[in-house]
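Participant: Got a structure for you, written out below as C-alpha coordinates; questions coming shortly.
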Amino acid sequence: AAAGAGAGGGTRRSGTDGTERATDAPPADASAAWGPHGPSTSVIVVWVGTNNHENTAEEVAGGIEAIVQLINTRQPQAKIIVLGLLPRGEKPNPLRQKNAKVNQLLKVSLPKLANVQLLDTDGGFVHSDGAISCHDMFDFLHLTGGGYAKICKPLHELIMQLLEETPEEKQTTIA
(Lines of atoms letter the chains of each structure in order from A and count residues from 1; the text may use other names and numbers.)
(Lines give C-alpha, C1' and ligand atoms only; values in the text may rest on other atoms or scores of the structure.)
Protein backbone atom coordinates (compact mmCIF):
# COMPACT_ATOMS: atom_id res chain seq x y z
CA ALA A 1 0.00 0.00 0.00
CA ALA A 2 1.15 3.52 -0.67
CA ALA A 3 2.58 5.43 2.26
CA GLY A 4 0.25 8.35 1.61
CA ALA A 5 -1.23 10.53 -1.05
CA GLY A 6 0.97 13.52 -0.43
CA ALA A 7 -0.03 17.14 0.06
CA GLY A 8 -3.13 16.14 2.01
CA GLY A 9 -4.81 14.46 -0.94
CA GLY A 10 -7.21 11.62 -0.41
CA THR A 11 -6.66 7.95 -1.15
CA ARG A 12 -8.93 5.28 -2.48
CA ARG A 13 -8.69 1.51 -2.61
CA SER A 14 -8.21 0.03 -6.03
CA GLY A 15 -9.91 -3.25 -6.81
CA THR A 16 -9.12 -6.44 -4.92
CA ASP A 17 -5.36 -5.97 -4.69
CA GLY A 18 -5.75 -3.57 -1.74
CA THR A 19 -3.29 -1.01 -3.08
CA GLU A 20 -3.94 2.66 -2.51
CA ARG A 21 -3.82 5.28 -5.20
CA ALA A 22 -3.55 9.05 -4.73
CA THR A 23 -6.58 11.04 -5.80
CA ASP A 24 -6.88 14.66 -6.79
CA ALA A 25 -9.73 15.21 -4.37
CA PRO A 26 -9.08 16.98 -1.09
CA PRO A 27 -9.79 15.05 2.10
CA ALA A 28 -13.26 15.55 3.54
CA ASP A 29 -11.90 17.84 6.27
CA ALA A 30 -9.94 20.09 3.89
CA SER A 31 -9.98 23.74 4.82
CA ALA A 32 -11.18 26.57 2.63
CA ALA A 33 -7.55 27.11 1.64
CA TRP A 34 -7.67 24.13 -0.71
CA GLY A 35 -7.12 25.41 -4.23
CA PRO A 36 -7.37 23.86 -7.68
CA HIS A 37 -3.80 22.50 -7.40
CA GLY A 38 -3.85 21.31 -3.80
CA PRO A 39 -3.64 23.10 -0.51
CA SER A 40 -2.72 26.76 -0.57
CA THR A 41 0.59 27.30 1.18
CA SER A 42 2.75 30.23 2.24
CA VAL A 43 6.29 28.91 1.80
CA ILE A 44 7.62 26.08 -0.37
CA VAL A 45 11.17 24.77 -0.05
CA VAL A 46 12.80 23.21 -3.12
CA TRP A 47 15.99 21.18 -2.67
CA VAL A 48 16.70 19.20 -5.83
CA GLY A 49 19.40 18.66 -8.41
CA THR A 50 22.37 16.92 -6.83
CA ASN A 51 21.33 13.52 -8.17
CA ASN A 52 21.15 14.86 -11.72
CA HIS A 53 24.89 14.31 -12.07
CA GLU A 54 24.56 13.00 -15.63
CA ASN A 55 23.10 16.33 -16.77
CA THR A 56 25.06 19.49 -17.48
CA ALA A 57 25.04 22.32 -14.95
CA GLU A 58 22.90 24.34 -17.38
CA GLU A 59 20.35 21.52 -17.62
CA VAL A 60 20.17 21.11 -13.85
CA ALA A 61 19.75 24.85 -13.29
CA GLY A 62 17.15 24.95 -16.08
CA GLY A 63 15.23 22.10 -14.44
CA ILE A 64 15.22 23.91 -11.08
CA GLU A 65 14.01 27.08 -12.80
CA ALA A 66 11.21 25.09 -14.46
CA ILE A 67 10.14 23.72 -11.07
CA VAL A 68 10.03 27.25 -9.64
CA GLN A 69 7.98 28.46 -12.62
CA LEU A 70 5.52 25.59 -12.18
CA ILE A 71 5.15 26.36 -8.48
CA ASN A 72 4.58 30.05 -9.32
CA THR A 73 1.85 28.99 -11.74
CA ARG A 74 0.10 26.62 -9.35
CA GLN A 75 0.74 28.43 -6.06
CA PRO A 76 1.20 32.11 -7.01
CA GLN A 77 0.78 33.26 -3.40
CA ALA A 78 3.63 31.05 -2.17
CA LYS A 79 7.12 32.26 -1.42
CA ILE A 80 9.70 29.80 -2.70
CA ILE A 81 13.06 28.99 -1.16
CA VAL A 82 15.49 27.11 -3.38
CA LEU A 83 18.34 25.50 -1.50
CA GLY A 84 21.61 25.52 -3.37
CA LEU A 85 23.34 22.27 -4.19
CA LEU A 86 25.82 21.05 -1.62
CA PRO A 87 29.44 20.33 -2.39
CA ARG A 88 30.09 16.61 -2.70
CA GLY A 89 33.06 14.29 -2.47
CA GLU A 90 35.78 14.25 0.17
CA LYS A 91 38.21 16.18 -2.04
CA PRO A 92 37.65 18.59 -4.96
CA ASN A 93 36.21 16.77 -7.97
CA PRO A 94 34.23 17.43 -11.19
CA LEU A 95 30.83 16.82 -9.53
CA ARG A 96 31.62 19.37 -6.84
CA GLN A 97 32.61 21.84 -9.57
CA LYS A 98 29.36 21.14 -11.42
CA ASN A 99 27.26 21.72 -8.29
CA ALA A 100 29.09 25.02 -7.73
CA LYS A 101 28.36 26.01 -11.33
CA VAL A 102 24.66 25.16 -10.88
CA ASN A 103 24.60 27.43 -7.83
CA GLN A 104 26.27 30.24 -9.78
CA LEU A 105 23.74 29.89 -12.60
CA LEU A 106 20.86 29.96 -10.10
CA LYS A 107 22.26 33.12 -8.46
CA VAL A 108 21.85 34.83 -11.84
CA SER A 109 18.57 33.31 -13.04
CA LEU A 110 16.38 32.97 -9.94
CA PRO A 111 16.23 36.71 -9.09
CA LYS A 112 14.47 37.17 -12.44
CA LEU A 113 11.59 34.94 -11.27
CA ALA A 114 8.77 35.96 -8.92
CA ASN A 115 8.57 35.02 -5.24
CA VAL A 116 11.82 33.05 -5.05
CA GLN A 117 14.97 33.23 -2.96
CA LEU A 118 18.11 31.14 -3.26
CA LEU A 119 19.51 30.02 0.08
CA ASP A 120 23.25 29.39 -0.06
CA THR A 121 23.78 26.02 1.59
CA ASP A 122 27.57 26.13 1.64
CA GLY A 123 27.54 26.16 5.43
CA GLY A 124 31.31 25.97 5.64
CA PHE A 125 31.35 22.35 4.53
CA VAL A 126 34.52 22.77 2.46
CA HIS A 127 37.58 23.36 4.62
CA SER A 128 40.62 25.45 3.64
CA ASP A 129 42.38 22.33 2.31
CA GLY A 130 39.41 21.57 0.01
CA ALA A 131 38.24 18.58 2.07
CA ILE A 132 34.79 17.91 3.49
CA SER A 133 34.61 16.45 6.98
CA CYS A 134 32.87 13.15 7.62
CA HIS A 135 31.40 14.93 10.67
CA ASP A 136 29.27 17.00 8.27
CA MET A 137 28.69 14.41 5.53
CA PHE A 138 29.30 10.85 6.65
CA ASP A 139 29.87 9.62 3.10
CA PHE A 140 30.82 13.05 1.67
CA LEU A 141 27.37 13.34 0.08
CA HIS A 142 24.67 12.77 2.72
CA LEU A 143 24.47 15.03 5.74
CA THR A 144 24.99 13.98 9.34
CA GLY A 145 22.87 15.47 12.12
CA GLY A 146 25.46 18.20 12.52
CA GLY A 147 25.43 18.83 8.78
CA TYR A 148 21.65 19.17 8.77
CA ALA A 149 21.90 21.62 11.67
CA LYS A 150 24.17 23.84 9.52
CA ILE A 151 21.50 23.84 6.79
CA CYS A 152 18.37 23.98 8.93
CA LYS A 153 19.29 26.94 11.13
CA PRO A 154 19.46 29.49 8.28
CA LEU A 155 16.54 27.76 6.53
CA HIS A 156 14.39 28.04 9.65
CA GLU A 157 15.33 31.71 10.06
CA LEU A 158 14.40 32.46 6.45
CA ILE A 159 11.09 30.58 6.69
CA MET A 160 10.18 32.48 9.85
CA GLN A 161 11.09 35.77 8.16
CA LEU A 162 8.90 34.94 5.16
CA LEU A 163 5.98 33.92 7.36
CA GLU A 164 5.93 37.21 9.25
CA GLU A 165 2.99 39.38 8.41
CA THR A 166 3.56 42.39 6.21
CA PRO A 167 2.47 45.82 7.56
CA GLU A 168 -0.55 45.71 5.21
CA GLU A 169 -1.61 42.33 6.61
CA LYS A 170 -1.25 43.59 10.19
CA GLN A 171 -3.41 46.64 9.35
CA THR A 172 -6.09 44.35 7.89
CA THR A 173 -6.02 42.23 11.05
CA ILE A 174 -6.44 45.30 13.28
CA ALA A 175 -9.29 46.82 11.26
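Glycine too: its Cβ is placed from the backbone N, Cα and C atoms.
According to TrEMBL, the protein carries these features:
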- 1-12: compositional bias 'Gly residues' (COMPBIAS)
- 14-23: compositional bias 'Basic and acidic residues' (COMPBIAS)
- 24-33: compositional bias 'Low complexity' (COMPBIAS)
- 14-149: domain 'SGNH hydrolase-type esterase' (DOMAIN)
- 1-36: region 'Disordered' (REGION)
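I'm curious about the neighbourhood of these features; can you describe it?
Facilitator: For the domain 'SGNH hydrolase-type esterase' (14-149), the DSSP counts in helix, strand and coil order read 42 helix, 26 strand, 68 coil.
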Participant: Find the average pLDDT over the domain 'SGNH hydrolase-type esterase' (14-149) in the predicted model and report it.
Facilitator: 87
